[in-house]
Amino acid sequence: MSVLIFVELDEGKLKKSSQEAIFYGAKVAEMTGTTATAITVGQADETELATAGRFGATKVLHAGDAKLNEPNGMAYATVVAAAAQQEGSTIVVLAKSSLADAMTARLAGKLKAGLAANVIELPNLSNGFVVKSSIYTGKAFAYNELKAPVKILAIKKNTITPEETDATATVQSFAPALNDSDFVISVKSTEKATGDVLLPEADLVVSAGRGLKGPENWGVVEDLAHALHAATACSKPVSDLDWRPHHEHVGQTGIKVSPNLYIACGISGAIQHLAGVNSSKVIVVINKDADAPFFKSADYGIVGDVFEVLPRLTAAVKAL
Amino acid sequence: MKILVCVTSVPDTTTKITFTDNNTKLNKAGVTFITGPYDDYALARAVELKEQAGGTVTVLNVGGADAEPVIRKCLAIGADDAVRVNAEPTDAYFVAEQIAAVAKDASYDLILMGRESIDYNGGQVHGIVAEMLGLPSISPVMVLNIDGDTAKITREIEGGKEEIEAKLPLVLGCQEPIAEWKIPNMRGIMTARTKPLKVVEPVANDQLTAVNHYELPAPRGAVKMIPADEAEKLIQLLHTEAKVI
C-alpha cells in the first residue's frame, strides 16, 4: 500500500524536482500510515538511486530495460501503472516536467485516477482528500477534492522544500511486461542545451525582454546568470522575434517558473508575463522606465539602464 | 485528412481573475472569453494542413451554450463543422472522456488541441484522450508536417527539442510556433453562421475530482527601490536580507 513516487534523473542524478516529489510523497505516506516507494525508469546507477532514501523513500523500483533508456511517456506510464499495481498504490506523486506531463496523462487514463496538477501544498485529509493547486497560470489557487480511489498528485517545482536525512533506500529491479504499442513513436534526434542551468529546474533566473534591444546584447544577461549560476529566460516578444529560443520563454503561454529569485531586465511586466513568474519567491525588476507596471509586482526594483546596471550586479556577485 | 481540433473557451489572457459565491465560482462579469491560445495554434495548423492536402477540420468544445461564440470564431477561421458537448467541464478526465466518446467511431487522422488550457494548466487532456482511444500522444508539438501517413514532428523538451516521426492517427498537444494565429476575415465570419454546429449530450461518468473553493494569492509587499548608482546594494540585500543568493 505504498505511496508511489515517479522519479526522474538528470545526467545520472536525482532531479531536484524529483527530490521534492520524494519528500512530498514520503510526507503523504506518513499522513496516510504507509511507506514511500520510488519508481525510476531507464539507465540508472544503484548507488544514486539509494539516495532517494535521504528524502524519505524506503524502496526504489528500477525498471532498467534498455528499451526504456529513451524518454517515452507512453511506455513510462505502462511501467508506473504496473508498479502501482504491484505496490497496491492508490496515491502516485511526481514532479511536473515535460516528460512527467506526457507520462501522467497516460497514467491517469490507465488508472482512471483523480488528478491534481501544479500541487503546491501537502493534502488536507480532515474532510476527504483535498489538495491546493495553482491555476490560471498562478493567478489563483484551487482546493481540489480528489474523489477517485486512485489519486495522482503532480507537484509544482520549487514549492516544497525537502529535508534530508542519512537514510538510504533499498533498490529493487523491476521488469514489468512492456507494450509494443508504446514504442511506435520514433525519436530521430534530440537537441539539448548543455552546460547551462535548465530553466524549469532553476533556483535563480535572470530574464530579459525587448529592453535588451537585440540578441547581440544578451552577453550582459548571460554574464549575470553565469555569476549567479542562474538560468536565463526571456519574454514572449523576444522569443517571437527569435532573439532567444522558445524554451526560454516564460509567461502565460510559455514556461511557468517559481524560482527563489527572478530578475527581470528590460521587461515591462504585461499581465501574461507576470502570470508565468508570479510564484517566484523574490522578484527583482530592472527597467529604465520608472512607470513599468512590473515594479508593482516586484520585491526590489532599480530604475536604470540595464546595460549599466547588469555589469555592476555581475561584479558585485563575483565579489561576494 | 480528417482532423478533430478540441478547443477550450477561457478568460482572455489579460483577465484579472476573481471569484463569486463565497469563492466557489469564477466571476464571469466583464470577462471576455477566447479560444485557448494554445488551441488557436492547433486550429491554425489544422486549417493549413487542410488547405495543403484537402480533408476536413471539425472543432469540438466541451462547454455550455455560452461557448458558442468561441466555436463560431473557429468556424470563421476555417473549420468545416463543429460539435459542442453540452456540459460544463469539471476536470481533465471528464473532458477527455467526452472527446473520446465523440472521436471513437469517427476515424480521425489527427486529434489536435493545445498543450494545456490556460485556466487549469493541467496539460493532461490529450494524453488521457489518447489512452482512451489507444492512440499515441505527443506534446508539446512545435512543428507538424505530414508526409503520407507519417507525421514529422518537433517536440519541445526541457532545454531543447526532439525530432520525432510517428504514423497517423495521433493525438497531439500543440503550441507555438506550429502555425501563425489566424484572424477570421469577413467572408469567414459570414460563412461561419451557416456551418453545422451539432450539440450532443455528455456521456455519463464518475466524478473523479471536484473543486471545493478557490483562493487568490496574497498581494506582495511594497517594492524596495534601489538607486541605479548604488546597484551593488541589491546584491547585498539579496544575500543578507532576502537570503536567496
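Using N, Cα and C of the backbone, Cβ positions are placed for all residues, glycine too.
Unlike curated records, TrEMBL annotations are generated automatically.
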| query | For the FAD site that TrEMBL assigns to A:GLY266, A:ILE267, A:SER268, A:GLY269, A:ALA270, A:ILE271, A:GLN272, A:HIS273, A:ASN287, which of A:ARG54, A:ARG106, A:ARG210 is also named? | reply | A:ARG210
| said: Checking the spread of the FAD site as listed (A:ARG210, A:GLY266, A:ILE267, A:SER268, A:GLY269, A:ALA270, A:ILE271, A:GLN272, A:HIS273, A:ASN287): what is the longest Cα-Cα distance, in whole Å? | reply: 18
| remark: Other C-beta atoms within 10 angstroms of the C-beta of A:ILE271 (FAD binding site) total 18
| note | Expected list for binding-site residues A:ARG210, A:ILE267, A:GLY269, A:ILE271, A:HIS273 against chain B, Cβ threshold under 8 Å, sequence order, is A:ILE271
| field | Listed in sequence order, residues with CB under 8 A of A:HIS273 (FAD binding site) and six or more positions away | value | A:GLY209, A:SER235, A:LYS236, A:VAL250, A:GLY251, A:GLN252, A:ILE267, A:PHE294
| When DSSP states are folded down to helix, strand and coil, where does A:ILE271 (FAD binding site) land? | helix
| A:ARG210, A:GLY269: which of these binding-site residues has the highest Cβ count within 10 Å of its own Cβ? | A:GLY269
